[in-house]
Amino acid sequence: RARPGDGLAARAGAAARPPAPRARGGARAAAAGTMDEGASGEYRVLSPLPGLRELSSLKKFDEIKKANQAAAKKLVEDQLSSSSEDDDEDAEVKQGKILDKTFTIYTSQTDGDASELERTRQYMNEAFQSGAMTCLICIASVKRNQAIWSCCGCFCIFHLVCIQKWAKDSLFLVSSPLTDDDFGKKDYPWPCPKCRFEYKRSETPSRYYCYCGKVENPTVDPWLVPHSCGQICEREFKPSCGHKCLLLCHPGPCPPCPKMVTTTCHCKKAKPVPRRCSAKEWSCRLPCGRTLLCGQHTCENPCHAGDCQPCPRVSKQRCICGRQTAERLCASPQWQCDQVCRKRLPCGNHTCEQVCHAGPCGDCPRSGKRSCPCGKTKFTLPCTEDVPTCGDSCDKVLECGIHKCSQRCHRGPCEICRQEVEKQCRCGKHTKRMPCHKPYLCETKCTKIRDCQKHQCRRKCCSGNCPPCDQVCGRTLGCRNHKCPSGCHRGSCNPCPETVDVKCNCGKTVIKVPCGRERTIKPPKCKQLCSRPPTCHHSTQEKHYCHFGRCPPCRQPCQKTLTCGHLCPVSCHDEALVRQTGSHQSAGPWEQPSEPAFIQTALPCPPCEVPIPVYVSPLPCHSANPYSCKRYCGRLLDCQNHTCMKECHHVTKLNSSTDAKKAGPECSQCEEECTKPRPPGCPHRCVLPCHPGDCPSCLQMLKIKCHCKLSVLYVECLKLTCADLKEKEYLISCKNQCPKELPCGHRCKEICHSGSCPLNCSQKVKLRCLCKRLKKEVLCSKIQEGQVSLECDALCKEMKRKASEIKEAEAKAAIEEEKRRQQAELEAFENRLKGRRKNKRRKDDIEVEQSLWQKYKNLIMLPVFGVAVVMV
């Protein structure tokens, strides 16, 4: 087969061997190299330098070609292998450990119950999954090392730079229509791009904090949740209950409070029971029994929160005026009928026109002083007479708000203003003389740009306060799939509100991602088994998870029936990778292969290797020589562990006494690793190749943790595997004091050890009597066992008696002082009360003085009436 570099080598050789005549240049050719006589009688110069160049170029070409082929082979194997699944499994194990570490404190309060953590777990899984956390402003993935900001309403995560620009643009768009006088007087809010939760201008984020807000610029730690500080969250629960979150710093909402509190039911009838703080409101399911607002019945609903519902019973009730009776709900006893009152008013001429009402009807609305229609003159007339007009001008302000009514006092509304005035149109560009009541609008169209800064107003006779643009924005959103449905506006459009489902290959696992991210995000990991039919001759395929692309090669035994009747024992070879041999010759290492380096094809089953007994027939004497039976040699190799796998062959006997089953120089050499069992506990392999006899002792070092799990020790493997229990206890100990705490609260005094700590605490503690006067140092273990106690002596009892006497004396003195103070207050109150009674008597003794008119009205009125009678 021609190699790809043969053409290049031939051209290089041709260039290095130019023809030269025999007679001319022979000396120069001989001086430069050797001369070779060709078939045509001419000499050719064989220069050594071009030959070396030819060999070096071919060598480099072959090396580059082999490197490219190896890279292509590795790429194909990586795509068809399941190594990615192993990496994903390792990542899932690591993620599970981080989640367990985050939830440890919470689950310790709930006895391992993590049912309330599903929502928080979903946010944390999105934080781990590559590409799941997406900034809705720039539609890009949020990475571990990028500064972020989290909304406190919807817990959506954005890039810090993006949210700062969003807040700045929102505040500018809101405050741009304001005048210079109004600018800066009001603190306009800016909304979250997703949930529209409003934040003040002062709440615009300027620094990068972790989720709980404790640490600024948290460091990137692969063993923590991204953007987390690793400390306890300690945010207050919502709704507030007085407790704080126990999880490590985490994204998303805090879970319900796991603390246990003792609380009673809504109706307070049941005994208090311990319940979870997040579910402390509970119902005993007994009848409520509280009196309803009607005052007659009690609530029959089961124990419930809040106020009782209105009484559902029906009873006969009278209306407010008492004329009609109807069956109505007990919860609404007062109701009005549709009858007019019609009771006689005190004037005796008119009746009450009010609809069903309570209480007296009141005075006649036509009694007392009444004004004329214009309101300038008042008349005192009987209620049966109408008020006349006064004859003066009306002078009421007309609807125009400028002129007054020029008619005489009249009943009914005033006419429209008919005065002609010089009117200016709404836009202020034209004037015209016309009646005051008619509006004046010119035909000039406004040419101002609306608030969208794109379209003109085009409204006739616009006052200058142009309305918002009524056209649809229609710009393509960042998702590249939809257009902006909002009204025409300035600045960037809101993020696309739509979500897209990203499914696995089988469609059973679905995640929702923002619209536009479905092209870049990785499909979700599906835990369902692949349901595709097998592509080989087997009825079922090996179990593996749902995936995209082709299924991995089948590794089940072939089990096809061979011609000899046995079953093929090798792995399935219906889709074996075979290197493709093509006739295409590349021009150089830079040229990409146009055909794949490997193809999948079905290979035939290999020859049957099952050993069977063969009957050897007798041979004639002249041909009775050793021959090959085509079976395996089977002689024991020098390693004493394996046999020769060559086909039956001739073996030279070096010594006549040598065993016939021992391998000779013609047999194969063992190249296997040592597979002998290692000592119990030794994880290392034998350093020698396959060998006879025992393996050498293991001299490698083991990296293990001590009993207390705080220190890392390096111990020789041989010492650890050969040691007994007592020696292992000593080797694995770090020789430091045990850091564990005993039940009494003191630290264990033993050296680093395995198992549980001894309960006999040797720490000395101070034991006091009940009055705290006497004290004594004893061993903590004796106190725990109840062997030692310290009783009060006679002096302690005497001091207690004196202290109680002093307290009683102080209590009696306080009671006497309180009685004296109350007596003094009572005397002061009685003195003030006596003074008020004297002042009241003095006021009653003062006579009421009459006015001058009351004294002399009779003397003045009699002469006046007399003169009037004479004149009549």
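Here, residue 1 is simply the first one shown, and the rest follow in order.
Using N, Cα and C of the backbone, Cβ positions are placed for all residues, glycine too.
Of the candidate ranges 1-43, 603-645, 689-731, 775-817, TrEMBL annotates residues 1-43 with the feature region 'Disordered'. For the domain 'NF-X1-type' (427-448), the residues of the chain that approach it from at least six positions outside its boundaries are 399-400, 402-403, 416-421, 456-464, 466, judged by C-beta separation under 8 angstroms. Per DSSP, the secondary structure of the domain 'NF-X1-type' (241-259) breaks down as 0 helix, 2 strand, 17 coil. With DSSP classes pooled into helix, strand and coil, the tally for the domain 'NF-X1-type' (347-366) is 0 helix, 2 strand, 18 coil. Within the model, the domain 'NF-X1-type' (452-471) carries an average pLDDT of 85. DSSP assignment over the domain 'NF-X1-type' (452-471) gives 0 helix, 2 strand, 18 coil. In this chain, the domain 'NF-X1-type' (452-471) lies apart from the domain 'NF-X1-type' (400-419): fewer than three C-beta pairs between them fall below 8 angstroms, excluding pairs fewer than 6 positions apart.
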